[in-house]
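Taking it in order: structure first as structure tokens, then the write-up.
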Amino acid sequence: MSPQTETKASVGFKAGVKDYKLTYYTPEYETKDTDILAAFRVTPQPGVPPEEAGAAVAAESSTGTWTTVWTDGLTSLDRYKGRCYGIEPVPGEENQYIAYVAYPLDLFEEGSVTNMFTSIVGNVFGFKALRALRLEDLRIPTAYVKTFQGPPHGIQVERDKLNKYGRPLLGCTIKPKLGLSAKNYGRAVYECLRGGLDFTKDDENVNSQPFMRWRDRFLFCAEAIFKSQAETGEIKGHYLNATAGTCEEMMKRAIFARELGVPIVMHDYLTGGFTANTSLAHYCRDNGLLLHIHRAMHAVIDRQKNHGIHFRVLAKALRMSGGDHIHSGTVVGKLEGEREITLGFVDLLRDDFIEKDRSRGIYFTQDWVSLPGVLPVASGGIHVWHMPALTEIFGDDSVLQFGGGTLGHPWGNAPGAVANRVALEACVQARNEGRDLATEGNEIIREATKWSPELAAACEVWKEIKFEFQAMDTLDQ
């Protein structure tokens, strides 16, 4: 027998399988300021106690495996293991629990969202002892936050670059999203920007297809930007989607955008991946480009209430990885978004310090220690009648993005942009005069139609359009 084996045997290594809760369920644990804290919604399999399920999550997302291994004796489990330090039943739900887990900071690579997610939501979501598992929230300690660059520029720097203050920014996604030639696409961009929008946008699946290669699109859109800037005297932008099949190709497109002198590029951060996104964010900061983030694929991850990852976690991860804008739902349009939940993660995107508030789904107090903020983007099924509600819900630090609500105007793209700009300016002026947008919104829009035939035509077209469906993701009662 070797000396190493003798030593291990002498301290009583005992092979076999132990209940996770014997090692990883520690209700007496006092969390540290440096711990990453997680709130999981756990649905155990029948017969599995909630404490065992919570401990299993802590174990499988940190140092544990299914059996005792002799190499446990070569390190300090007490220093490195995750700990389930609290379990509470979910009100109104049968056999669902919130399990609180604390992870020591040394488990994570600095400045890597990829590594953080690989650890916390890696294998554990396929664990057989759990019927379902959802990561509801994370508390990122300030010590870890400071290892991230975060958004390339942030809200204030973006306003300074654009010279636009005191109102939400206006955008438009060019439609049809697929099929236009580069020249016709650029024409649509020009008409929208000339009409009064601040931004236009590539749709998330516009990359470099046979009908419109990326270089051609970039060139025609740059021409549209500069022509509309010269005519209006305002700084304009188009979110040029740099997302590509490889990181190298993505960077090539971002470099070309910078050489053209445009102000902003775009990335699909979930399909593109956090590693690619962080690399692009670093390039954008170093080269003066704003970065718009689309959340394509998010609903695959966050739509189900009992399994997946809540979008507030994906939003926090984006702020760490880097992005100046991110789509965040509308509350009033065609896409998912319950009001209090949406406002909760909008605050997590914009503010420096956010208090724990379970009424808005915020499980932990989060201190971003001056990490730049991200502008939430409201888009999806919105039109001029929604403008008062959007202005009231999202406030000035937001981007309101009307695709069909601009391009669907009966008179064309430029009049559609005029209608949206007039509606926004009317709402901002009314709010600044002390009027209540929530109760007087429709009246404010009707008054503005007297001075804008474009707005009057838009109001007539969309007066009956509503998307009245119950949100899937609601607060626990």
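Including glycine, each Cβ sits where the backbone N, Cα and C put it.
As annotated by Swiss-Prot, N-acetylproline applies to Pro3.
Under the heading N6,N6,N6-trimethyllysine, Swiss-Prot lists Lys14, citing sequence analysis as support.
Annotation source Swiss-Prot lists substrate binding site at Asn123, Thr173, Lys177, Arg295, His327, Ser379. Cβ neighbour count for His327 (substrate binding site): 21 (other Cβ atoms within 10 Å of its Cβ, all protein chains included). According to DSSP, His327 (substrate binding site) sits within a strand segment.
Per Swiss-Prot, the feature active site, proton acceptor maps to Lys175 (among others); the stated evidence is sequence analysis. Long-range C-beta contacts of Lys175 (active site, proton acceptor), restricted to its own chain and to partners at least six residues apart, with a cutoff below 8 Å, comprise Asp203, Gly403, Gly404, Leu407. The secondary structure of Lys175 (active site, proton acceptor), as reduced to three states from DSSP, is coil rather than helix or strand.
Among the features that Swiss-Prot reports, Mg(2+) binding site is placed at Lys201, Asp203, Glu204, with the record citing sequence analysis. The secondary structure of Lys201 (Mg(2+) binding site), as reduced to three states from DSSP, is extended strand.
Counting only same-chain residues six or more apart in sequence, the Cβ atoms lying under 8 angstroms from the Cβ of Lys201 (Mg(2+) binding site) belong to Gly171, Cys172, Thr173, Ile174, His238, Tyr239, Met266, His292, Gln401, Gly403. Annotated N6-carboxylysine per Swiss-Prot: Lys201, in sequence order, evidence recorded as sequence analysis.
Around His294 (active site, proton acceptor), the same-chain residues at least 6 positions away in sequence with a Cβ under 8 Å from its Cβ are Glu204, Asn241, Met266, His267, Asp268, Tyr269, Ile326, His327. Look at His294 (active site, proton acceptor): DSSP puts it in a strand. Annotation comment: Swiss-Prot describes His294 (among others) as active site, proton acceptor.
Per Swiss-Prot, the feature site 'Transition state stabilizer' maps to Lys334.
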Cβ atoms near Ser379 (substrate binding site) (within 10 Å, other residues, all chains): 23
Residues near Arg295 (substrate binding site) in space but at least six apart in sequence (CB under 8 A): Asp268, Tyr269, Leu270, Phe311, Leu314, Leu318, Ile326, His327
Secondary structure of Ser379 (substrate binding site) (DSSP, helix/strand/coil): strand
Remaining residues near the recorded Mg(2+) site, that is with C-beta within 8 Å of the centroid of the site residues Lys201, Asp203, Glu204: Thr173, Ile174, Lys177, Asp202, Asn205, Val206, Tyr239, Asn241, Met266, His294
Those binding-site residues listed as Asp203, Glu204, and which of them has the most Cβ atoms within 10 Å of its own Cβ: Glu204
